[in-house]
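All remarks here apply to the structure that follows.
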Amino acid sequence: MSPSVSSPQLRHTKSNRAISRIDRTDPLALALQPPANEAPADKYARLHQEKLAKQRSDEIDKFLKQHQEDRATHGLASSPSTSVDGANFKKGRVYKMVLLGQAGAGKTTVLKQMRLLYDPPAHERERRGWTKIVLLNLTSSVRVLLETLSLYHDQRLERKSSELSRLESSTSASTSTSASASSPKHVDTESQPNDATRLELAKQLGTTKKINTSSLPWLTHIPSVVQLERALRTELGAFGEEAVLSASSDEAAITNQKVRTRLDAQGSSSIRGEKSPLVLRPGWQERLFTYARRSLSLTQNGRAAAARRETDGGDSQSESEKDNSETLKLLRAIRPEVLALWNDDAGCRALRKRGLFLDGQSDAATSYFLDNYSRITDAAYRPTDEDILHSRVRTLGVTEDVFRVDRSLIYRIYDVGGSRSQRAAWAPFLDDIESIIFLAPLSAFDQPLVEDCSTNRLADTFTLFNQIVTNPLLEHATMILFLNKIDLLEKKLRQGVQLHKYWPEYVGDNDFEAVWRWFRAKFRDALRRAEDEVNLDQTSRRRLYVHTTVATSTVQIRAILMSVKDSILRENLKLTGLVG
């Protein structure tokens, strides 16, 4: 008699046999089968991501089903056009769009604006979840301010030390020459070092020739702010956190030297690379906003219980408030000194005049958050739309959103990561795309690409645009171009940053209107050349819809999105032959 097999073992054996049968007959099942040696932690992570993806898919299906029922209720399902060509009708009803552009161009900000316009309830549900991200952006801005001013004072110290050494060596050389001279010679007293100047420099430098922390007490806050930022990033699940904020001493020295060089450069308009972007792992929206909604529900439904706990001396704070309390405690403690630096410090004013804290120059809108420091750290703080729009979170991978624009139009929008390393992942999402919104940050005309410091950011944008308009898969897609960060471009030009210094082919005036129109013409020429290469006739040529944008301006983007909708309608009518 064969040995008995326990029930769990039998079920496991049958399961493996079933999988083997499926694998032999179904290539898709073979491709999707998890690794045989999958670790428990990897399995848990995979199942969690599959669960989130399934929930998202079910939500979209429910949304589309509800929309179809609404159409049937209004008698639209039986219209001749839908019954004759249901596929084309569905294609026109669910309109596929993709947001393209390099990292930091403003794609995610535009997507936030779309959610605010087309799905206000979802935007409102997520509002509470942005609190921690806003606090992280504020913390990063504080660190940027303190470290930049530290380097500024360090640079001044180096200059004074160099000047003192020069004066001392000059005095020594003069004394030696006078003592060894065999006959008296005329001495130029005007070229002699000024003793008063030398004494003043020596007094300022002191014996250590280091920054006097007693005169700059805010320097002592830098380690605690760095530690707080690291903790917030870790809590949010920032990608690559160890590589970002744990640089070696050699790397830190190199970074400091680069910043010193930029501080010393005349006409420099930004400090680049002073902070790393907040790159969160895939699924951060579900984790953060689901937690925020749960906390909000607990807060709303448990007010009576909270009041009782408070009466009994218990802690009445919600989970979210507890998590943020330590952050707020530190930010409130250093607030007076930071605001005094930001508003009154002479060195900070000098750097601000040179544009070193210009919003959009880095991944944090530094000046925006510092200007709103007091409001954000208030006890009754609640993120505003402006706070959410200015908060920077870099997209990792691809996110998909579905918005009902009106009864007959739904946008399915893909937001893809724009860094060079992520562009290879775009291809699967470009199939059957009907419209492309391409964002070009014009204010980056004088900035290097983060991934390659030898490449100009805007030059990389033109290269990317050329690759898109020459892609055969996208030859029928409507092209919509957002010339973004136009306000920062105007500020730079007014501050005297010369375009021809970075773009020698530009020969016009350093005038805002002339500059942005010149860039618009370059994009149009790029599209025209791409179509000339494939010998398109005049009737088949695409129109490039161009808009100058400030992605954080809700009023402007709302008007532009309405214009985009009209452009889409116009292109659809053209395809049906109803318009020429």
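In case you wondered, yes, glycine gets a Cβ from its N, Cα and C as well.
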Annotated range (Swiss-Prot: region 'G3 motif') out of 81-90, 201-210, 411-420: 411-420
Helix, strand or coil at Val393 (GTP binding site) [DSSP, three-state]: coil
Other CB atoms within 10 A, centred on Gly101 (GTP binding site): 24
Residue distribution over DSSP helix, strand and coil in the region 'G5 motif' (549-554): 1 helix, 0 strand, 5 coil
Under 8 Å by Cβ from Asn484 (GTP binding site), counting only residues of that chain that are 6 or more apart: Gly101, Ala105, Gly106, Leu439, Ala440, Pro441, Leu442, Thr549, Val550, Ala551
Residue distribution over DSSP helix, strand and coil in the region 'G3 motif' (411-420): 1 helix, 6 strand, 3 coil
For the binding-site residues Ala105, Leu389, Val393, Ala551, the one whose C-beta sees the most other C-beta atoms within 10 angstroms: Ala551
